[in-house]
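In what follows, a structure is listed as C-alpha cells, so that the remarks can point back to it.
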Amino acid sequence: MEPQRNSQMLQNLYAVGPEARFQSMSAPLVVHDGVWTAYDRNQIPDVDESVSNLFSSLNISSPSNFHCRNIIPPVGYDGGVTGAGTGSPIGAGEGSGRHPFRTGIRSSYYTLGGQTSALTVDPQRNYYPLWRNREVGCSVGFDQMFDFDQSFDLLPKEHIYNPHNVSRSVNVSVLCLKELRGKVYALAKDQNGCRLLQAKFENPSDEEVEFVLYEVLEYISELMKDQFGNYLIQKLITVCNDDHKLRMLLSLTDVPVEMVLVCMNPHGTRAMQKLLENLTDPYHIALAMAALRPGAARLASDPNGHHVIQYCLIHFPSDVIEPILNEIADKCYEVATDRSGCCVLQACMEHSHGKVRNRLVAEILGNAVVLAEDPYGNYVLQHMVGLKVPEFTARLVRQLQGNFASLSCNKYASNVVEKCLNESSEDISRQIVMELITCSNPALLLIDPYANFVIQSALTVSTGHVYNYLLELISDNMSSMRTNLYGKKILSWFEKRRILAI
C-alpha cells in the first residue's frame, strides 16, 4: 500500500509527462488521473498587471494546446516524498526545500504558434529566471526560484520591449512617424532605428517634420555628436524651413560652448557643416558666427573643428566672418604653429579683405622669424609669399633681414628663404643673395644640408654682378665642395646647366 500511496502523492505534486496540461500556478487545482484539467477561478488571487501583460505578450496558445515541461522528480528521489507537505508544486515553502521546477531538469516542452516541440536543456547551463532575463523591460516580481519556459527567448525580438534597443523592441517599419511618439530620440541613436527613420523622411510633410523636430530638439547637440543620430539630424536639416533652422540654432546656442563642442566632435563637425550649408537667412548666419566666435581659435587648432572654420571662410563673405577672423588674429601664433591651425590661417589670409586682413598679416609678421623655423608656421609664411602681393612679400623680407644666413641652415626656414628668392621681385631676390654672400661664413652655406638648396635657388634667380659674386664664392671653395656630399649637389647644378646649354 505504501508504494501506491507515494505514487499517488507524486502525481498530485508533479506534472509528469509531455501531455500534462498547464493551467495555473495556484493551489486549487482539479486533477483527473494525475492530469491538471481545471482550476477554481474564484480562489485565485489577483495577478499583478505587469504579470498579466507579460503573459499576453508571449502569444500563448489555448490551454488545450499548451504543454508544460516534462518534469523529472528531484535527484535522489526514492519513490517517497521526504517531508513533503500539501500545496502547490510551484513556490513550495514546505518539504525538502528543493524546487521541483529547478532540480533534475533534462528536457522541456514549449508551444509556439500552437505547435509543441521539445527543448533540450543543458544541466550545466545556468538558466536565469524570467525576472532576470535581459530581454524583459521590467521586473515581474516572481520568486527567484521560479524558472519560466525558455521558449520566451524564441519569440521575435521586434515584438519584445527592450529599452536598450528600441528598434528591436518595436517593429517600426510598419508604424508611421506619429506612432513613434516618445521613441524618436532612442531610435535615432540606434543604427537600424536611425536608418528606418531616415527612410520615412524621403518625402515628409510639414507636419511630420514638425513632429520629428519636436521630438529631437531638446537633444539636438547630443544627437549631432552621436555616431548614428547625426545622420538623422543631417536628413532633418535638408527638409527644414527657416523657422525650424532658427529653432535648431537657438537650441544649440542655449549653452554658450555647446556649439563649439559639437564642432569638435568627429560626427558633430559633419552635422554642423550641413547646418551651415543650409543657412540662407543673414540673421541665422550672423547668429551662428556669433556662437562660433568665442571658440574660433580653439576650433582652428582642432582636428575636427578646423573643418567648420574653413567652411565658413570659404562660403561666407569676409564681413560676415569678421568676428571669427578677429578671434583668430588675437591668437595668431598659437594657431599658426598648429598642424590644423596653419591651414586655417592660410585660408584666413586668402579669403579675408580690408582691415581684418591687414591685421592678420601684421600679427603674422610680428612673429615671422619664429614662425619661419616652426614645422607648421613656415607654411604660413610661404603662403603669404605665394599670394603674390608685393607689399606682403616686401614686409616679410624686411622682417627677416639680417637672419637669412642662419635661416638658410634651418630645415624649415630654408624653404621660406627659397620661396622668397623664387617668388619675389628681382630687387628683393638680389637683396637676399647679397646678404648670403656677405655673411660671416659664406663657405659654410655651400656644404650645409639645407643651405645648399638655397644657394642653388640663388644661382637660378641671380643675374649680372650678383651671379658673378656667387661664381667667385664657389670657385674659391671648389676643393672642399668636391669632398662633401652637399657641396657636390651645387656642382652637379652647374653640370646640368652645361648639358642643357649644349
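Cβ from N, Cα, C; glycine included.
Keep in mind that this is a model prediction, so the values were computed, not measured.
Database features, via TrEMBL:
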DOMAIN    155-498  domain 'PUM-HD'
REPEAT    179-214  repeat 'Pumilio'
REPEAT    215-251  repeat 'Pumilio'
REPEAT    327-362  repeat 'Pumilio'
REPEAT    363-398  repeat 'Pumilio'
REPEAT    399-434  repeat 'Pumilio'
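Using DSSP to sort the residues of the repeat 'Pumilio' (327-362) gives these counts of helix, strand and coil: 31 helix, 0 strand, 5 coil. Helix first, then strand, then coil: DSSP counts for the repeat 'Pumilio' (179-214) stand at 25 helix, 0 strand, 11 coil.
The repeat 'Pumilio' (215-251): residue composition by secondary structure is 31 helix, 0 strand, 6 coil, according to DSSP.
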